[in-house]
Amino acid sequence: MSPLVNAKKMIQNAYENHYAVAAININNLEWIKAALLAAQETNSPLLLATSEGAVKYMGGYDNCYAMVVNLIKQMNIKTPVCLHLDHGTYEGCIKAINAGYSSIMYDGSKLSIEENIKNTKELLTITKLKGVSVEVEVGSIGGTEDGITSEGELANIDDCYQMCLLDIDMLACGIGNIHGIYPKNWKGLNFNLLKEINNKVNKPIVLHGGSGISDEQILKAINLGVAKININTECQIAFSNALQDHLTKAGDLILSKQYDPRKILAYGVDAIKNTIIDKFTKFNSLNKIK
């Protein structure tokens, strides 16, 4: 029996009690270990997310599932853990479900709202049978590519409402947030839009691009219906800085005998874990497991 849980209960509980579940994008074994340790130490709910790119890098959906499940068992993790596909295509969602993922995000935001809803309906017929939770995106999230930062779309309120007439578990919508590092001239989240969407849909809302948003804006977003916040960039930076710092201090790796990759990567694991615990604290999700 799989130790994974779907996200429905943990996200709904967060929504009703004004905290947010951290969704940690995992990139390799070290990321999984760090996130599981952070959740166990703080008694916090945890959502592990893989992008389709990370799935390819880590050897496929079956391998990602096996790594997460086996580490949960080997590390004797008792806190609830959900394995989630982030920004999945229709085909990717099917593959993730078949591999044993307990949650999916279908990203049809680049399609017309009619086609997005149609594909979501089809996926829901499968997820209901499998007990898999569903996140759907309306209004694409911005990001930085080739040095050019896109602010992303501001989601259409009526489109959000139409999507939430379906039995989805959480809604991702563009409210001025972007993936990656926020530029200095970023305008911030559009709280008026977030408030209107929350009042209209009455569903847990997902904030993508959570890395780099101020604590004040995070808390305000949570109070306006955000119940899941995605984190990736800050963990990547923490991991890279920790390894760079350690290797710089080590100097000659042969003379200092600092060439064992397991020992080197342990510094990165600690850095990721500490970053995640900091997010749990700021999202008010500490000790939320009864």
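The backbone N, Cα and C atoms fix where each Cβ goes, glycine too.
Here Swiss-Prot flags ASP86 as active site, proton donor. According to DSSP, ASP86 (active site, proton donor) is assigned to a strand segment. Its own atom aside, the Cβ of ASP86 (active site, proton donor) has 27 Cβ atoms within 10 angstroms in the protein chains shown.
For SER51 (D-glyceraldehyde 3-phosphate binding site), the same-chain residues 6+ apart in sequence whose C-beta sits under 8 angstroms from its C-beta are ASN25, ASP86, HIS87. Residues or ranges marked as D-glyceraldehyde 3-phosphate binding site by Swiss-Prot on the basis of similarity to another entry: SER51.
Taken from Swiss-Prot, the feature Zn(2+) 1 binding site covers HIS87, HIS179, HIS208, and the record attributes it to similarity to another entry.
Remark: ASP107 (Zn(2+) 2 binding site) has HIS87, GLY88, THR89, VAL136, GLU137, ALA172 as non-local neighbours, by Cβ distance under 8 Å and separation of at least 6 in sequence. DSSP classifies ASP107 (Zn(2+) 2 binding site) as coil under the three-state reduction. The Zn(2+) 2 binding site annotation in Swiss-Prot covers ASP107, GLU137, and the record cites similarity to another entry as its basis.
If you look up Swiss-Prot, you'll see GLY180, GLY209, GLY210, SER211, ASN230, ILE231, ASN232, THR233 marked as dihydroxyacetone phosphate binding site, on the strength of similarity to another entry. A 10 Å cutoff on Cβ-Cβ distances gives ASN232 (dihydroxyacetone phosphate binding site) a total of 23 other Cβ atoms nearby, all chains included.
Distance from the CA of HIS208 (Zn(2+) 1 binding site) to the CA of ASN230 (dihydroxyacetone phosphate binding site) is 5 Å. In this structure, the binding-site residues HIS87, HIS208 were compared by how many other Cβ atoms lie within 10 Å of their Cβ, and the smallest count belongs to HIS87.
Most buried of the binding-site residues SER211, ASN230, THR233, judged by other Cβ atoms within 10 Å, is ASN230. Cα spacing between HIS208 (Zn(2+) 1 binding site) and ILE231 (dihydroxyacetone phosphate binding site): 8 Å, rounded to the nearest whole number.
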